[in-house]
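Just below is one structure, and these are the notes that go with it.
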Amino acid sequence: MEALSKDADPDGVGRLIMDELRRIKKSEATLSGELIPYNIVPLEAPSLTNAIGFFPEVRGAISAVKYTEQFPRLPADFEISGQRDMDMFDLLEFVFGFQKDNIRNQRENVILSIANAQSRFDIPVGADPKLDEKAITVVFLKVLDNYIKWCRYLRIRVVWNSLEAINRDRKLFLISLYFLIWGEAANVRFLPECICYIFHRMARELDAILDHGEANPAASCICENGSVSFLEQIIRPIYDTMAAEAAENNNGKAAHSAWRNYDDFNEYFWSPACFELSWPLKKDSTFLMKPKKRKRTGKSTFVEHRTFLHLYRSFHRMWIFLVVMFQALTIIAFNKGNINLNTFKTMLSIGPTFAIMNFFESCLDVLLMFGAYTTARAMAISRLVIRKVLEERNKNNSAQYFRIYILVLGVYAALRLVLAMFLKLPACRALSEMSDQSFFQFFKWIYQERYFVGCGLYESTSDYIRYVLYWLVIFGCKFTFAYFLQASHTSICSLKEISFSSIKPLVQPTNIILHLPSLEYSWHDLVSKKNNNFLTVASLWAPVVAIYLMDIHIWYTLLSAIVGGVMGARARLGEIRSVEMVHKRFESFPEAFVKNLVSSQSKRMPINRQSSQASQDNDKIYAALFAPFWNEIIKSLREEDYISNREMDLLSMASNTGSLRLVQWPLFLLSSKILLAIDLALDCKDTQADLWSRICRDEYMAYAVQECYYSIEKILHSLVDGEGRLWVERIFREINSSMLDGSLVITLSLKKLPVVLQKFTALTGLLIRTETPELAIGAANAVYALYEDVMHYLLSSDLREQLDTWNILARARNEGRLFSRIEWPKDPEIVDQVKRLHLLLTVKDSAANIPKNLEARRRLEFFTNSLFMDMPPAKPVSEMMPFCVFTPYYSETVLYSSSELRVENEDGISILFYLQKIFPDEWENFLERIGRADTGDSDLQENSSDSLELRFWASYRGQTLSRTVRGMMYYRRALMLQSYLERRSLGAEDDYSQTILPATQGFELSREARAQADLKFTYVVSCQIYGQQKQQKAPEAADIALLLQMNEALRVAFIHVEESSAGDGMVSKEYYSKLVKADVHGKDQEIYSIKLPGDPKLGEGKPENQNHAVVFTRGEAVQTIDMNQDNYLEEAMKIRNLLEEFRGKHGLRPPTILGVREHVFTGSVSSLAWFMSNQETSFVTLGQRVLAYPLKVRMHYGHPDIFDRIFHISRGGISKASRVINISEDIYAGFNTTLRQGNITHHEYIQVGKGRDVGLNQIALFEGKVAGGNGEQVLSRDVYRLGQLLDFFRMLSFYFTTVGYYVCTMMTVLTVYVFLYGRNYLAFSGLDRGISREAKVLGNTALDAVLNAQFLVQIGIFTAVPMIMGFILESGLLKAIFSFITMQLQLCSVFFTFSLGTRTHYFGRTILHGGAKYRATGRGFVVRHIKFADNYRLYSRSHFVKALEVALLLIVYISYGYSKGGAVSFVLLTLSSWFLVISWLFAPYIFNPSGFEWQKTVEDFDDWTNWLLYKGGVGMHIQTLRGRILETLLSLRFLVFQYGIVYKLHLTGKDTSLALIDEKVHFFQYGAECRYCFMLIVDFGKWIYGFSWIVLVGFVMIFKVFTFSPKKSTNFHLMFRFIQGVTALGLVAALCLVVAFTDLSIPDLFACILAFIPTGWAILCLAITWKGIVRSLGLWDSVREFARMYDAGMGVLIFAPIAVLSWFPFISTFQSRLLFNQAFSRGLEISIILAGNKANVQA
């Protein structure tokens, strides 16, 4: 009706419609309250179904924002939405023109914020509850904290005079204004200081308006048409400028320096110059100037130029330190270890080194600021000049100036030391931060740039000492090792080459080489002949220097493993690592649980530990408090199909609220204990005390016996009445009396116990069934039979005679009344006891087998272990910190469809088949749960409910959104249970029962529990394109709607696009951010719709998706969860404890991000998944444990960390979104938090599930994305500022755990190249043989040792140390050893070596050329075979080419290098390099399902040849001139092979000339003309290098002749064929003549191939690099043919071994067992057989 009224005549029908609407709303208030959409709190109208509005703190918050008479009057025609009273948000809407839905959204946000803040203090009482001033002040200071710091930084006044001068209403107005600005800012939310500027201006306007009696619109928000709109007047101009700049990035391909990103816009407001924007915004300011062709606004204070020099600029202190230390160690070594005056004088050369490197860094500061604001460049130049003046010194080291030099050096060192103390030491740093004096700030600025962020990056003195000691240990180990025994750790991740060539041992060989007489070179040397063999020395030292620069990471890894292991042990991780340990320690679980996870409001009964009886009662109370939570955990395991119904019964715990005095433990602890106790009784020949002593050796056996005895008494007492009850009482009285006397073995005949218990078991078997007349008769007969056996068999003869002569009993027996009728159990307590006792008597299984499922075991082990770890005590739900879970989603799988589950791949394997084989026990449990235990797969499809259950079952085992939603909703379930047990009432006072614990059945239906949970927890999934999916009727939209229906607290945010046609035919688009939930009919109900200034995706997709929806989050904390994660109910119960960490003490500052442990649940899918799981688990546990403490450099590495929501939304959000540079968006949240004085901690008593990629291609794409993201981080301002502003030791920790890890990875591979190219230089030049000969003559064995460096192979000894330590800590030593050996047998070394190449390639190429991007991995189940051509295209540039280059280096080294040991010695020396080559070439096929099946191999060959001949193209497109020049320089290295090899040919002899004419040629040496021609050919060998190029050109021409397409010359077809034939014959004849009549040998021909292949590749790389020029010359088609030939050659080299291995069937079987677990491997083999049979039948 409202929609109709908008189109109707406002003075006619429209007015009548609106009047009718008002009447309906007034008369049907309750109904409208239920129908008006709301998010959490029904503010627009009252609701009877939602109890949140009845909580006193919520009512007080609503009352606090109400409109009062003191506020300016609003116009009479101002319309209020809904049935509510006017409040201050209405005033803000009228004055600034905020959107109505933004107003509604932030009204609820503010009310919930102040209500929850109030609940932390106390709950207001009374009919009209009022909020405390301190609660509002807390929210006020937290929300505006960044604004206050911004004002202080710019030295301007805040908008209020003092905190005491503003009243509660002004505080609420300012809080509301800030949230409203933020809520409608759209992409401007990424500019937190821009929002501070807008708030500052608007708050002053608001102050002026509040001081007047009448409310008027703010001048800054009035549009040209007279309307008032904050979006149009404030946000849109800024957004339009940002959008124009974003359009300049050419979809991420343009240089970062060519356009302004979000950071550039935000940093404009770090200077007082921002006030030049004026207010209202000055549209012609440089800030709002849109880029034009040659006129654009420069970047702010940083320019992201694409260069490796950023590594030096950002971390120059580390590089200077390493170089200076290397220089010092080398000086000491060359002085033979003597430290004297001469050594000291030489050491002073460190000063100039230090100065030069500092000056170079200062020059980079200027050079890399090209493209920034003029003022920023001027500041950088000024700092350079001033630092240069201060660092200028006399560098003349002669005798007359030596003292002056020492004086200047000492003064400078003292000055730097004093400044370092004030800038770096925590105690002094605090003083420097508090000083605002200009001269002090000036000196700080000289050595450290001043930004708004990065101030106060210091830790407490104790933390500082800890991480300084950590690094001193590393330095001590590193430099000692580097000096005495430098191990050249050529880390190939799982394989290391160790060359014992250190600084000290290299000194003597270096001196010898430098002073050797002139050596004979095998080639024409251009460098080393005149400079003491410089290249020879460099080739020896280069690997040592490279390793020296990167091996510090190895020492860091080793120490972090040790420290992390010790810390984990201290934290009590891994104490419970098996089901057996769970059994042994179960008695202690209730007390530990109550201590940590139960709030004070749930501890209803007084606890007294004074006496043993009281202690037993306390145990009972603990068990009663623990039981409902434990049972709910077990129930969730059953719902997830990890356990069966029977296991659930055995694992469940009795309520312990009944009249039994002892604790009733779960039956899986007591199973078979009664039977064992009976066996002991039967064998008993001693006294009662001895029997009881034997029973008590197993405490759970004692518990079982006691419970069985008391339960039998209670059950029998309830079943019978009259004489039967008297008999029962008499029997147990006698037994109790005999036990007190110690004469039980005399009173009872224990030999007959089995007979009696057998009868009683039969009785309980009847009683657990539903009562019928027949069963009642049968039960009565069973009781009488039991009476007969007890009387005749169990009791002693004396007692039997007494009972037989008991008149009352005898009379009843004679009259037939004894046990003629029984009272069937009706009391719930008796019913439960009967069921429990029956299981206790019948279960014979060992408790070690329960639960059988490994995942269920793991979860219970971790949960019970965490109960003994340190954690904050739990607050009551009403007082806990509210939080929100936030999940971004794009178009991934929500729920598997039936067709997706059943569609078969080319091997006949469906997802359902795969899951059934991987999770067989869970499949059986699922069928049992839905009551289809004997039903086939096809039958499940016929029933719609069963089909839906099947879809959910499969989806919960994949990486789907439905799995994530189910897991996160456990938070709400846990909070409802906890709130229900706390029994909070809606009255003024909380009333708790002190005697009875409530039953937990139906807690999810409790109105109060649901309301309390919703007040503290919300879940928002940002489904960016959900609107489009609904319009297209995509299955994902239907699945998301289904999730909304199933989860009432779930909210979905999405971008809605409305298109409208303009008058000129153009289509205009309007963008809205919407939030929906499911209504009572299961349909989508729109809650909020906030208009956006334009397309929200200006940067990276995921952070933009998060940003548009973050306005719908609530609470003080937000947990970021990816859509491939999971959660568990038992872990959700600990969320209250975790959130209390925000208020704990973790250093100088309270935490702003809480790191959470992850469990990778995809580890069981395949061997690759297991490798990734172990690697990831090592990092997210031990690695992050050390990063958080003691190193204090943990960042945000992705989900599931918990953010301080208010801290982050007021500082730019939970991620950064600038295009490409922020491709790894998550980690920038950690950078931003650290720079803005946040604190990041890590906690391991709680875990969240996470999925990882499970196939090699998926893993490679993921690692490529991460490595590329780290390459972009190198260029970023965040890394630069952290590298500059952190103290030295913390900076080292930061470097080696972020970009430094990838730098060291790349250095690892580069060390292999440096070593091999150095060795090949010695081999080509012949110096290795010459030097060895000279050294032998001189008798120098040290030099001989250097040239014959011994390599040791160490499988995973360094990188696997943290993983092994984690295994030992959490699994035990034996299991750790077994797991590690298993991983090695499954070729994990091959996988990790291959991953090393992936990271190196993408990291290096990103810095060189860019290209980092999001790479979708699919996250699905990888059971399909990847074709050879697909793998070849994916890995050819990243792995295959590099592997073949290393192989070529190795072959040349073996062919021409010198070693006394011969070829075997060479192979042993280079074994690890060969391992690298094999891993990089064949890993994609080793880990490819069905990679060695013959049929697949044949199909792959056909597919590859088709691609090669018809579809093949040339990749690698370089965009920039700088990139082309760098690629050209790198490609020139391939020319070395031809230059070196041609001088090794037999044809060459010993000539090393370059010219085509040699003066030594004698044309008439032999005199005969006929022999002249022959000698001319011979002397061509003396012109060999120049001639080699002629030969190469000839080969290219011949290649062109043979590849020329006849289709282009149809008129000369026969002539062309004739030319080809003649050319072929001529080529063969020429080769024969050259071999026959010259010194050219057959090996020389192969050597020529080795020489020409790399040269051809160099030419090809250069042609591709300069593609435009080559295309313009018309040579591109030839280049394509040339490239196709190389692809064919590389493909054959890789494919041939695969084809050979495919001949052997057992290879394929072995590969399946290697890739998958045994169950699936067996199923895979069967499916292949079936597929083959099916094919035969069809044939």
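Yeah, the Cβs are placed from backbone N, Cα and C, and that goes for glycine too.
Per TrEMBL, the feature domain '1,3-beta-glucan synthase component FKS1-like' maps to 169-282. Counting residues of the domain '1,3-beta-glucan synthase component FKS1-like' (169-282) by DSSP class, helix then strand then coil, yields 78 helix, 3 strand, 33 coil.
The annotation transmembrane segment is assigned in TrEMBL to 315-334 (among others). Taking Cβ pairs closer than 8 Å, the transmembrane segment (315-334) reaches residues 343, 346-347, 349-350, 353-354, 357-358, 361, 479, 482-483, 503-504, 506-507, 511, 545, 548-549, 552, 1283, 1288, 1291-1292, 1295, 1300 in its own chain, all 6 or more past its ends.
The feature transmembrane segment is assigned by TrEMBL to 354-380 (among others).
Under the heading transmembrane segment, TrEMBL lists 401-423 (among others).
Within the chain, the transmembrane segment (467-485) has long-range Cβ neighbours (under 8 A, six or more residues past its boundaries) at 325-326, 329, 332-333, 459, 500, 502-504, 548, 551-552, 555-556, 559, 563, 1190-1192, 1289-1290, 1292-1293. Residues or ranges marked as transmembrane segment in TrEMBL: 467-485 (among others).
Per TrEMBL, the feature transmembrane segment maps to 532-549 (among others).
TrEMBL lists 1294-1316 (among others) with the feature transmembrane segment.
Marked as transmembrane segment by TrEMBL: 1376-1396 (among others).
Among residues of the same chain six or more beyond the transmembrane segment (1440-1459), those with a C-beta under 8 A of the stretch's C-beta atoms are 1309, 1312-1313, 1316-1317, 1319-1320, 1322-1324, 1328-1329, 1332, 1348, 1397, 1401, 1432, 1465-1467, 1469-1470, 1473-1474, 1476-1477, 1480-1481, 1534, 1537, 1540-1541, 1544, 1647, 1650, 1653-1654, 1657, 1690, 1693-1694. As annotated by TrEMBL, transmembrane segment applies to 1440-1459 (among others).
Positions annotated as transmembrane segment by TrEMBL: 1583-1602 (among others).
Feature annotation from TrEMBL assigns transmembrane segment to 1614-1638 (among others).
The feature transmembrane segment is assigned by TrEMBL to 1644-1666 (among others).
Packing against the transmembrane segment (1686-1707) from elsewhere in the chain are residues 1428, 1432, 1436, 1440-1441, 1444, 1481-1482, 1485, 1491-1494, 1496-1497, 1500-1501, 1504, 1508, 1512, 1656-1657, 1660: each is 6 or more residues past its ends and has a CB under 8 Å from a CB in it. As annotated by TrEMBL, transmembrane segment applies to 1686-1707 (among others).
In the predicted model, the domain '1,3-beta-glucan synthase component FKS1-like' (169-282) has a mean pLDDT of 91.
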